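Here the structure comes first, spelled out in structure tokens, and everything after it is commentary.
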Amino acid sequence: MIKSKQLLFLIQLNVKRNFRDFKYVCLIILLPTIFYIIYSEIFPKNANIDGTSWVEYSLISLISFGIMGNAINLLGTRVASEKKDNWYNYLKVSPIKTSYYLISHLFTYLLISILFTILMFVIAYFWNGVHIELTKVFYVTLALNIGSFVFLFLALIIGQLGSIAQSVGTIVYLILSFLGGLWMPVAAMPSNMQGFAKTLPSYNYAKLGWDIVAGNQISWASVLTLIIYSFVFLVVFLYLSKREKKY
């Protein structure tokens, strides 16, 4: 019971700390929200994009954009900052277990991502009159939050970069978003870019949500692609961590 209280306290502390960070709130919550409101007006709202209306397609795109940013910036930047401040060395001599602290980071990330996803659906409903079945909302929330673990593994690699982690994380985040079709439909890209876009984790990640909203079966090719990327990112992170310990 005491352990669970300690974990809940750490989660509560992390949530408060993140929402006190103005840059974090702007980048992860306000930016995707504003982008959705603007982007949903670019094309006719009922324009068909891969079996979904534009307002639904752009909604999933911007939800993916926000969650991906949360993963890369929250975990990657935080890990780099805490390593720089020798925070993990302090934890070793504190009554707080390092494992609890890391788990609290994960739960905080998931909690914020889930709340953000629900917020976006609510905004889409009131702003654009988007009516999506509750079962689809549930499956989209589940798929995009589980699928986002690929970006958590990427964030761990970025967290190894020290003082440049935040800059690199932001650049990687924006490039993946643009090239992966989160800012514009892949179908609207030049033909030579479309094939490349479909190999990126950002495209295959968002495709999980696009397929669910369109009423299609989830693409197992996209699932396999995300698993492969996750494995590669994890192996690279473990290699870098092992190398760091040697030096």
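FYI, residue positions are counted from 1 along the chain as it appears here.
The backbone N, Cα and C atoms fix where each Cβ goes, glycine too.
Feature annotations, reproduced from TrEMBL:
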DOMAIN    6-202  domain 'ABC-2 type transporter transmembrane'
TRANSMEM  21-39  transmembrane segment
TRANSMEM  59-80  transmembrane segment
TRANSMEM  100-126  transmembrane segment
TRANSMEM  138-158  transmembrane segment
TRANSMEM  170-188  transmembrane segment
TRANSMEM  218-240  transmembrane segment
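Long-range contacts of the transmembrane segment (218-240) within the same chain, counting only residues at least 6 positions beyond its ends with a Cβ under 8 Å from a Cβ of the stretch, are 143, 147, 149-150, 153-154, 156-157, 160, 199, 201, 204-205, 207-208, 211-212. Here the listed stretches are 21-39, 59-80, 138-158, and the one with the most C-beta pairs under 8 angstroms to the transmembrane segment (170-188) is 59-80.
Cβ atoms under 8 Å from those of the transmembrane segment (138-158) belong to residues 60, 63-64, 67-68, 70-77, 79-80, 106, 109-110, 113-114, 117-118, 132, 165, 168-169, 172, 201, 205, 208-209, 212-213, 218, 226, 229-230, 233-234, 236-237, 240 of the same chain, restricted to positions at least 6 beyond its ends.
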